[in-house]
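As recorded in TrEMBL, the features of this protein are as follows:
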TRANSMEM  A:12-30  transmembrane segment
TRANSMEM  A:42-61  transmembrane segment
TRANSMEM  A:67-84  transmembrane segment
TRANSMEM  A:91-118  transmembrane segment
TRANSMEM  A:124-142  transmembrane segment
TRANSMEM  A:163-183  transmembrane segment
TRANSMEM  A:214-233  transmembrane segment
TRANSMEM  A:245-263  transmembrane segment
TRANSMEM  A:291-312  transmembrane segment
Amino acid sequence: MFSTGFLKKHVYDLAAYAGLIATFILFLVFSGDKLTYNMTTVIQAGAVYAVIALGAVFVYSMGYMDVSVGQQVGVYAILIILITNRMGGTLAGVIISFLVILAIAMVCGAFNGAVAVWLKLPSIVTSLFLMFFFTGAQLLLMESTGTNSISIQATIKPADRNTYNLVLVAAIVIVTLAVTYFFRFSKLGKYTKGIGANEIATAQSGINTLKWKVVAYMAFGICVAIGTFIMLMRTGSAGKGTGSGYAMDIMICLILGGMPLSGGMKSKVSSALIGTFTYVLLSNDLATMGVSLNMINFVKAVIFIGIIFVTCRKKDNVLPR
Amino acid sequence: MKKVIKKFAAILLAGVMTVSMAACGSSESNKGTGGTGTQTENTTGTGTSDAAENTKSVEGKDCTIGVAFYQDTGLAVDATKAYLESMSDTLKVTFKYTVLTQTDEAANLTKIQELISSGVDGIICTMDLGMTSIIQECEAANVYIGGYLCDYNTSYTSAFDQVFKSKYFVGTASDGQNPDDVTIGTTMFNSLVEYNKRNTEAPITHVSMAVFPVWAFPSQQAGADQFVAAVEEYNKTAETPITVDPLDEETDVLAFSPMNTTYFSKHADTQAIISFAAGSAFVYPTMVQAGVDKDIKLFTTGFDGGEEANFGTAGTGTYQQNMVTAVESINYPLVLLLNKINGVTFSDQPEVAERISSSQIVINSDEDLAKFQKSVYYTKAATDAIYSPEDVLNMTAYANPSATYANLRDMLAALTIDDIK
């Protein structure tokens, strides 16, 4: 049915789509009478990952990564709560707090992109710095509250579950459309892919790679801010460990979706969505299939290493720079 | 082409492994769930009938209860699992386990959602983090939830209406340290006095303390205050007064990390550490490291296994008191959940869920230790439990229409060292 050439060319995409379809079929089969409930949990858990992963496409397409995203999410969530509560839990408080974290996220993005170039460091090093910085900030902020967990005093989550899920779906759709536009039809997407494919050649073509790296990281920052707000809608509270693990989860989502770790021209927006929902559905499937809940991470790890083996493209430069 | 085939083979192998592991899991979890299929029949939340109407004993329905622990393994967790599994057939309950985190609400919510997705009818939760969103999930899925080893103080003080007044929350059995019902300070003081009575020639006259942060365990700070007050009262008439070093924020508040060795320079004259925090894990290793375990005694909560080698007159004699919550205290939320799942309630059931302090097993002497070593907590053998599966079944309102909530509360009060068989 498929020629060898077609398989060779599309093996990564086929593997990603096959994974999503397989997990979705298992989801339908094993959910039983909990199908409706499970769909809502998949949307709720998937929305945060999807939005952040969509933003991460810009960074990963350059062959870079950001390991500070989890700690950023934690600090932003705490800041939203603290500012909103300080302003009496009003709508204005929510809006202002969101704008504050949006600004911080963009500044951090710019820092990540620019410092790496100026100091000629791999971007992972600057994101490591940010990770430690935000870890400390998260602890200090929580210490100042004198509690393990703080809750937002404003109502940011629709009371009706269906409305809440619709809001989440709408958020995913809007962010997807925006990211798709900028990634496929604007200079940002073209240049980030170019940087991932061959940075020197891109620079030699007269493109200011520093500028586009900064813009890419800032775009990611916007998505991190939106993702944080969506996460806060879900829990309504934040604490010392909020966001931990997100950096790794986002990387797993993108890789499961077929995003090449080395970035480049084969980077796709669809990787974020396919990977996110494969990952979330997989977690749900393993639970509904009766796998011991303590074994789920182990099974995920086995699948992940399998996918890594399949999607490895180069002998060198496999890991992000 | 070879490469492509290799890669597909890798996917296939990963898939086969996943499915085979899943199959193992499902065959286990299917045990005992074949019967009446109760998952949705009784989950409207309105099915509770008055106990007055419930005059005949009814056979319980097959159901599944998820238990969300604070850690995956350890003496207490392993013993609790063994105890629960021993009751599985009698109570017709399949138990599923997961582990929560102390710091990430979203992770806890995901764990609870996984439990619900896996088909549980009720959940016993040992952590009060993200509870308002967890309760919302339980309400959406018609799943009941109860607490164990946790005072739910954050929810109690800041989200009482959302959590304790929810009809899906059945209440919690805390580990003897409800902030509004603190006795741990008095218990520690009594243990110290008992030690001094046994050792009149070399009584302990100078002690220091250690606690976990107040945001995590407010009752420990209250317990420390209670201990100091008890000592001050004692000193009014005592021939040999006891000195208590005031709590030092820098060294005495353990942020869930081992005690710093500077503790011993801050408390140079201390003869005993009264550790309201779990001393076996967070204090004793530092004592050994600093080489003071032969000179300073330790009175502490928790028992992780291995303490017996240096308890009382054994070994270095460092441990002179250990205090634990009996694993049988899990029967409180378990019975309340089973009642809900089976659509019955106690005639004297309070309208709003409660948090009840469980009595403590206090090990003060070699004799106490010998007794404790025969408990299910230590042996992990369900036959050593204070309450057998039949006893627990008898506590439910559906199997025993004359069972009462007062009896269930009494059960929590009868889990002391004297109650061990």
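Cβ atoms are placed via backbone N, Cα and C, with glycine included.
Looking at A:12-30, A:42-61, A:91-118, the range that has the most CB pairs within less than 8 A of the transmembrane segment (A:245-263) turns out to be A:42-61. Across the candidate stretches A:12-30, A:42-61, A:67-84, A:163-183, A:214-233, the maximum count of CB pairs under 8 A to the transmembrane segment (A:91-118) is reached by A:214-233. Taking residue pairs at least 6 apart in sequence, the transmembrane segment (A:12-30) and the transmembrane segment (A:214-233) share fewer than three C-beta contacts under 8 angstroms. Outside the transmembrane segment (A:42-61), and at least 6 residues removed from its termini, the chain residues within Cβ reach (under 8 Å) are 27, 69, 73, 123, 164-165, 168-169, 171-172, 175-176, 179, 182-183, 188-189, 192-193, 195-196, 216-217, 219-224, 226-227, 230-231, 234, 246, 249-250, 253-254, 257, 259, 261, 263-264, 267-269, 271-273, 275-277, 279-281, 283-284, 320.
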